[in-house]
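Participant: For reference, the structure I am asking about is given below.
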């Protein structure tokens, strides 16, 4: 090998390392690779070089570090070169319209990688091809990128973020010209173009020149103004907001959200929320939390609860680090804090959006033109509301890329899309952003809380009112950690060939009878004519949904970005059935049976979700 490095004895590996050292110009990653070769660290080298990061519909998500399986300067250049070529093939007017690039505050000093650095390299690649780039001069929330694509009519957007992943990770998220995340076949087209453009172009490393180029614009001020104007169309109770005495605490969990949520509250004339000082400034080390993910519940919110107790605040709002998700907790009369699930918040925000819409629109024609969306693993509560109120409710596959693209289709047909949500605390309350948005959701939640306070009602009480009117929907979601792809594959194959019978699914689980099965990996749906599923299917990920005779629904699926097998369960009761204790017990028993009979955690050595 060059540089006097000894070959590892693995020809394919040597080839990959040789090419890497030939292409890379980052002294830190070059040095890390050279050290691994010198030390003969075969396992580490294989981890870094055995397979390139897969570019999927969610873009890229991986640890920062050296090699083709990690996020670093070279893989960012290679990815952007492929993406740029794909855009050149897709748009005749790419050089007139351009792209937008945003980034969060992540950094990895060991390998010299950071979101800002990666964004600058991506900009250099586009500028070297004569493509105008709107590169944010400062960190921004993820929703600002899709907003900018739509607002400026650009061809595409890139957001460099790993959202709420562990601190060593980073990601590269891609939006199409319609303002929604890419869907197939764009991912495979981009992937192919990356493979065809691995050698860095001469000007791809030249960030200094690129940052001075006439083709580079900074959209920060303009978008900051336009975004906060756009979300004000969902501010319906300005007078109540101005007078509200409600105290709210906000944490951005060391991410980008603080200044943007403060601005959103200001746009709604709400009193500013109390920021959690220790967590309000961006910090790539996330020093006060084990996981920077508000979905993990109370552990992330400890400092928020302490501040709320000191200030006498009754509600806590929490964004994830790139501010596209929102968690909410409320102090109960018992003094305990209740962290709402994403499904419960979907019910509250969906109800509120419809209530505000109804005050301004009347007539059967208007409501017939109205749509709400949710992912198929999320609560069916909006379906129950839609049935009673007369608007349309649609389900999509898991992930906001599906909801964003479907919302755009509906808007293009002249329909109104009022709200979309997924159980993973993601909400689209404002269709100026065709993705989840934790900033607008925070302001809208602030107004909802202020309005309820005028009726002496808490969020918990309002949720009960919704369930009593539309039927209780009780859900229980969790996951197991599994790093062995073969175990995951055999677990799902066992369910498809249950009891040793080929292509035969279980008809019961413990004492619970199964009434329908939908398998979106194979395209099977026992409820549809010809047993063919309506929702798109994908053989690259596992996903099976069981419907039970008792009104229960359970979905098991693999995660696209983490080594997890997730499950989502819900019991939907008809309005009037308000024996909550019985419903919860029934759901608990159902979940226990699914875990025991379908996951077989002991046999499969699955790690439960850490408490």
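Using the three backbone atoms N, Cα and C, a Cβ is placed for every residue, glycine included.
Remember, TrEMBL labels are computer predictions, not curated facts.
Here TrEMBL flags 53-198, 226-331, 342-470 as domain 'Alpha-D-phosphohexomutase alpha/beta/alpha'.
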Participant: Calculate the per-residue pLDDT averaged over the domain 'Alpha-D-phosphohexomutase alpha/beta/alpha' (53-198) and state the result as an integer.
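Facilitator: That stretch averages a pLDDT of 97.
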Participant: Using DSSP, what's the helix, strand and coil tally for the domain 'Alpha-D-phosphohexomutase alpha/beta/alpha' (342-470)?
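Facilitator: Across the domain 'Alpha-D-phosphohexomutase alpha/beta/alpha' (342-470), the residues distribute as 75 helix, 21 strand, 33 coil.
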Participant: Mind tallying the domain 'Alpha-D-phosphohexomutase alpha/beta/alpha' (226-331) by DSSP state, helix then strand then coil?
Facilitator: 47 helix, 17 strand, 42 coil
Participant: According to DSSP, how is the domain 'Alpha-D-phosphohexomutase alpha/beta/alpha' (53-198) divided among helix, strand and coil residues?
Facilitator: 55 helix, 33 strand, 58 coil
